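Heads up: the structure comes next, in structure tokens.
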Amino acid sequence: MAHSKKKIGLIGGGQIGGNLALLAVQKQLGDVILYDIPAAEGLVKGKALDINQLSAVDGYDCRVTGTTDWKDVAGADVVIITAGVPRKPGMTREDLLDVNLKIMRDVAGNIKQHCPDAFVINVANPLDAMVYALQKISGLPANKVVGMAGVLDTSRFKFFVAEALNTSIRDVEALVLGGHGDDMVPLVRHSTVGGVPLTQLIAKDKLDAIIDRTRKGGAELVGLYKTGSAYFAPAASSIAMAESFLLDRKRVLPAAAMLNGEYGINGVFFGVPVQIGAGGVEKIHTVELNEAEKAELARSYDSVKKTVESVKL
Ligand code: LMR
């Protein structure tokens, strides 16, 4: 594959940041700038060097640069934000609001200054409120700013379904709508396996258990890791979105996008299927919902709205 000259800025050199850098290089999406604050200089420089040293094994020509200087991130085509604190067992994502908002203020200000033309993907929690703060502070066009969670939540849902049926994940079609919280909405009625409705394949009590596990998917990993949260699947989910933008794939992926009346919601970022291409969020798709699904989505929106309303910009 030809060497791409696209530039990918990764803000935060922790576990997700390192995995993002590795995936971006392995997919040859472009050259990577792995940024963190000066206290983490060794970490980002070390991860960059380590990944560069594996590039000969499979012949990757993309390079990673570890830096603590925003000037190196300047002009990035895509920026993925993982900077922030992960939750610990017993915490909710909302418990991170104050500490992560402080970090987001700085990050969003620097994106405004150094990467005003980038497509920006936020991973920091509480996700829907953080992406809202990011867009407001950076002033970037709303269609160039998204939150990652829908791809992650949908991927978890699909995995649990494939596992329950002992079937290939390739044939599982499913979608999770709504905020990245415990009241997210896995759309069972719209889900299929090889075209067969999910409701025909899995008994209701088992499906309810899968829905519950999906909703608490992040907390399950926090409970296992104890000192942090998920990092492989969040990284892969963000890279799928970055790839669709960089290669103008026009994939339809669930993302926290700014809604302008769709689903009866205005001016808030919320998880819905969107088309991502070279123009950023190019289309927002509206799924037809029945009354019960609408009620579930409204509950999820109420939670997101409550957190967004407590964001002091
Ligand atoms: C996740 O869903 O894995 C992330 O949002 C991290 C978390 O705290 O759950």
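The backbone N, Cα and C atoms fix where each Cβ goes, and this holds for glycine too.
Just so you know, TrEMBL annotations are computer predictions that nobody has curated.
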Worksheet entry | TrEMBL annotation, NAD(+) site containing Gly12, Gly13, Gly14, Gln15, Ile16, Gly17, Asp36, Val123, Ala124, Asn125 - matching residue among Asn100, Asn166, Asn260 | Asn100
Worksheet entry | Structural state of Arg93 (substrate binding site), classified by DSSP into three states | helix
Worksheet, complete the sentence: Taking only the CA atoms, the spacing between Gly14 (NAD(+) binding site) and Arg156 (substrate binding site), expressed in whole angstrom, is 22
Worksheet item: Which binding-site residues of Gly12, Ile16, Asp36, Arg87, Asn125 contact ligand 1 in the sense of C-beta under 6 Å?
Response: Arg87, Asn125
Worksheet item: For Arg93 (substrate binding site), which of these recorded positions sit within 10 Å, Cα to Cα: Gly12, Ile16, Asp36, Val123, Asn125, His180?
Response: Asn125, His180
